[in-house]
Every structure is written in structure tokens, then in C-alpha cells.
């Protein structure tokens, strides 16, 4: 049947026949001509041209979508039946209540509290009445609108003007036009009065008054300090630079130099900081350098004073009334200095100490001298400074045991000694000139020193032997005491085990209170006795111990 219908002019669903070699060659040549632009492009069913450079696997239509195999790209576009339908831009929830006439009789199925048909009693937002509308039949509330279900897309959910009514803005515009019209009428009345009285103001004074009247309306025309702002064109030219100037980020191409913020076009640090150039000599030393030069610091101090004064109740402002603020700041400085001086004088009168304040400053006492000095270009001293004495990390010039000279000031026969008494024994007591007259040789004194050291060593050895003997005897006594304590602990452990066995045979209800609790901390001997008497289940000889 399908083949007959195909002969009558209806397209059949048979697979396309295989193309001959000649048809294939013609088709390829036509595609090449279309790509070169010598042949017209294919047209789809909507009359749109098909790009000849689109690959075949994209442009070919599947047989189950369009059996006629007509040239089209419809299968690559979003299908309308599969697209999600979103709410239109003008759709929004209805506000208020319906404009229909309010019912005067309670209706079945309405809210029992207010009488509206659009909600129930549990969803009612009106204050709960003492007698509901169901029983009173009065004060029936109007019905609310049946709200639609909005289905917004990604942008619609985030649209801040979604649901905005432009008529609201028209009301504001109408209000301002009325105010402007009233101002014009008042102005015309004033002009007529001036003409009638003959007191006509000058043109400049009239313009000044008109500017004062419209000050709130044209506040955007005022230029703030440090900013060139055109309110008509809405262009800020604060960050623009002259073409002849060098860009901040091109002044030093070192990546470790000052950071440049491209968003704010700011470079707070000095780009020449690592080059050794003086900031005052370079053309640009960073935003912070320009920020803290000239009268900037005094301006910041004045602004800080204005803020503090405003917090304390003074009505001053840096931009509004700078002259008043400057005079107030100067008077404040004078009063502050006077207060400090009076406070200083009162402290000196009470405690004294004026002589310490009259002393020369520390710079004159410590840093500045009249000595002549010459320095090299690298900072080294060439002339004018005496060579400093080399100091040791040990204590120097320390005299001990009545000596008047230090150890090492005397040398004889290969031995060091004291020069004051010619003694070669270190830390010996000084004998003065008497030691020199005796004429004791250095070798003899060293021999005496060695003999003294030997005697001290022998004494130490004897003391050690006595200590060892005392320790051995004390150890023997400790061992005997430990054995006696262990015996007592073993007998006590036996008694405890017997007592525990007796208690365990009793009924739980007849046991004495806290009968198995030990309050005292056990000693070492008791712990040893417990370990010795404890039965171990893994011991194969445990069963023979009880027999």
C-alpha cells in the first residue's frame, strides 16, 4: 500500500537508494562550488540559507525526523514542543481585593472569621473576631484575587524591577511638576509685587536667589574637592592622565616593585624604592607619597578635629565653613598648650625637679662633640678617632684576695703569677712586699701547690669510701625492713582473702554496706603481696595451689 501511495505522489518510507558514482561526483562538485561562493547556498523550508561549511554529520537529517530528506537544520535547533514555557514579563501577582460588590450575607464555604470566599478560617490574616462573620452575619470582608502561578526563568527570578508598576513613578513626576508650577507662580507674583512697589532687584541678585531656591534640585552640579564631575554628561575625569605622562606600571618593570591595582589605577608604593633614588627627586613616588606631602597632613588633622568637635556638640564642617573651623582649631591649640603648661607648672611646684628640665638635651650630651673626625665615602673613619682598646668577653681588672695586680701580671721560670707579691699560686692571698723579700722560687711554690692538691684528692677518696660503707649498711637495714613489711602484708592479704570468701558466700541482701570497698591507698608491700597471692587462670598449676 505504501508503494502505491508513493506512485500517486505521497512520499514513502523506503530507505534512499544508493547513489551512482556520477551522481556522487556531481554532488561533491556542487558542494565545493557552494563553499567557494560560486553556487547559491541551499535553502531550508523557512527560506533561510544553509551554511555550506557545516559538516555533513550535522546537516544530514535523520530518517525518523524527516523521511523526505529535505535540506534543513531544524533538527539542530531547540524543539518548540520541548521548550519550557515561562511567564511573560508583564505577568505578576494581583494586589488588593476584587472590585466587585461586597456580599452582605454569609455564604456557605466562606471564612468563618471574616466571611471571604477565597480562604478558610485557619488561613485568615484578619484579627480573630469575638463573634465571627458566620454567626454575626456582619462585616463581611471582600474576596481577594485568585493569584496565578508564576513560572519565572533565571533572569526573571533575579529581576529587581519584577512586578514594578510604572504608574507609581508617574505619580512622583506629577507631584514634582506641581511643585515646580507652584514655584513659578510664586516667582511671578513676587515680580508683579516688585513692579507695583517700584523696588525691582538687580539681575545678579535675582539669579542668586533663584540658585538658592533650586539648591536641592541641582545638587549634582556641585563639584566636590578633588573631583571634576560633569553632571550633564555623567563623566568623571578624576583618573584620566595626560598622554605625555608615563603610566605608573611602566616606571619600573621589575615584578617585585610596587604593586599596581588595575581596577582603581592606584600604585600606593614607590616604584623606585629598590633603585636607590631619593623620593623627592623622582617624578612619581607613589600615591602615598603624594598623599602625605604639602598641606595634606594639616588638612587631615583639621578634618579629624572637625569630627571630634561635631561629636562634642560643635556645629562645624570642613567644606561648609572652613574659616570658622580653622579659627576654632587654632584657639583649641592655644588652649591645649596653656593647659599643658599649667599642668606642668603645678607638678613642678608640688614635686620639684626643675633642674632636670633645665639640663642640656641628650643630643648635646651624648651625640655631639668637638672632636675632629674624617670619614671615607663608604662611612669608614679615616682620621680623628683613637683606636679602641680590644675588650674581652671575660671580666677584666678584677682584683681578688687583697691583690693589687691581676693574675698574669708576673712571669718567672715559665710560670704566671701576681706582680704585687710574686706569688705563682692562683687565687692565693696576697703577702705584699713580704712575699717578694722571702724570695720563694716559683718552682717551690708550684710544688707546694701540687702537694696541697694531692692531699685534697686523698681526703675526697676517704670521704667516698665512708659514704659507700654507710650506704651498704643502710641498704642491708632497708632490705630487712622490707622483708618484715612484706611478711606482715602477706598475712594481712590472707586474712583479707578469707574475709572476702566469707562475704561472697552470704546473700547479696545480707552483705554489709560497702563491705568490698577499700578507701586507703595500698602500699608497695601490700601490692606485692596481692600479686603473690593472686591466682592466674592461665597457670597450669593453679589448681594444685589450693590443695
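Glycine is no exception: its Cβ is also placed from the backbone N, Cα and C atoms.
Range 509-547 is the one annotated as region 'Disordered', of 392-430, 509-547 (source: TrEMBL). According to TrEMBL, the feature region 'Disordered' maps to residues 197-226, out of the candidate ranges 167-196, 197-226, 227-256. Among the ranges 348-383, 456-491, the one that TrEMBL lists as region 'Disordered' is 456-491. Counting residues of the compositional bias 'Basic and acidic residues' (518-539) by DSSP class, helix then strand then coil, yields 10 helix, 0 strand, 12 coil. Residues belonging to the domain 'Pre-mRNA-splicing factor SLU7' (152-409) score a mean pLDDT of 79 in the model.
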